[in-house]
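Beneath this line is the structure, given in structure tokens, with notes to follow.
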Amino acid sequence: MAWENQTFNSDFILLGIFNHSPPHTFLFFLVLGIFLVAFMGNSVMVLLIYLDTQLHTPMYFLLSQLSLMDLMLICTTVPKMAFNYLSGSKSISMAGCVTQIFFYISLSGSECFLLAVMAYDRYIAICHPLRYTNLMNPKICGLMATFSWILGSTDGIIDAVATFSFSFCGSREIAHFFCEFPSLLILSCNDTSIFEEVIFICCIVMLVFPVAIIIASYARVILAVIHMGSGEGRCKAFTTCSSHLMVVGMYYGAALFMYIRPTSDHSPTQDKMVSVFYTILTPMLNPLIYSLRNKEVTRAFMKILGKGKSESELPHKLYVLLFAKFFFLISIFFYDVKILALIMYIA
């Protein structure tokens with residue numbers, strides 16, 4: 001019972017990845033800059049697709065969902081890391097830790113399934129173009145995206161509930177910059193071997209099964225492209241699919257390396273570096289990859305800048321919504337700082 005009380009009443013200590021030496025301070029602000037670029041890039045991508053009616057297609061709807069997931073993913077981990085670094089505090093409550101685990105696992109899992117849906121969408125568009133409007137109509141596309149969110153959230157709920165069931169009787173220092181599930185397994189007093197097997201199976205479902213769909217889809221796409229008689233058609237198909245393949249390679253490469261290995265093989269330093277790439281760099285690169293290689297997205301962005309034919313109200317809507325998102329981010333970022341200042345004032 002004492003252990004259970006400790007589980008709910010004590011905070012965890014996030015050791016983080018930066019100290020206050022000049023090199024680490026520079027790296028911290030570099031990561032913070034990457035976070036802001038990722039936040040703005042994914043916000044712009046979501047808003048462009050929402051506001052520009054020419055982008056209201058299944059492919060761009062799925063892309064907007066990917067950007068939304070990336071946006072939520074970086075907001076799950078980086079603001080708390082930044083607050084702890086700037087305030088000098090390293091603690092996080094049990095509820096906060098479970099919340100991070102739930103959103104991190106849910107969003108990561110949802111992205112896995114969504115990337116598989118996006119690969120299937122490209123397969124239908126290239127291999128069955130005449131049936132595309134029937135096989136990928138808005139209703140079917142919406143259902144696939146919804147199931148991606150649901151399946152990812154299911155895994156997040158499993159991990160969050162499991163965290164509450166663990167007892168933590170020893171050290172509460174998490175060798176990471178956020179609450180990640182493998183790091184908590186190491187701290188638990190319970191025998192976690194059975195649960196590690198369950199997590200491994202969940203990872204197989206979340207990672208390997210979507211990868212199989214992606215490989216099967218693009219194998220058919222490659223065969224279809226090879227048999228295309230038009231060089232222009234091949235170039236267009238390659239351009240359409242290459243952006244998605246680059247994102248898949250970055251995302252699944254880091255995820256497979258991170259979660260398929262046994263817990264005993266995890267190195268704290270190695271895990272931190274992979275997590276930085278997985279949670280911050282990839283969300284920053286995704287909108288850049290899709291926008292730089294996509295004429296429709298580039299056209300929509302140029303329309304916003306007023307360098308093309310545009311609807312007069314479009315820029316105004318974008319700026320208002322983007323400002324609202326940025327204000328929301330700042331509110332989240334400084335929420336804990338205000339509480340800290342109030343406590344210090346009272347003391």
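Every residue gets a Cβ built from N, Cα and C, even glycine.
The annotation disulfide bond is assigned in Swiss-Prot to C97-C189. The N-linked glycosylation site annotation in Swiss-Prot covers N5, N190. Annotation source Swiss-Prot lists topological domain 'Extracellular' at 1-25, 80-100, 159-195, 260-272, citing sequence analysis. Per Swiss-Prot, topological domain 'Cytoplasmic' is recorded for 50-57, 121-139, 220-236, 293-347, and the stated evidence type is sequence analysis. The transmembrane segment annotation in Swiss-Prot covers 26-49, 58-79, 101-120, 140-158, 196-219, 237-259, 273-292.
Of all the Cβ atoms in the protein chains shown, 13 others lie within 10 Å of the Cβ of C189 (disulfide bond). Across the topological domain 'Extracellular' (159-195), the DSSP tally of helix, strand and coil residues reads 17 helix, 2 strand, 18 coil.
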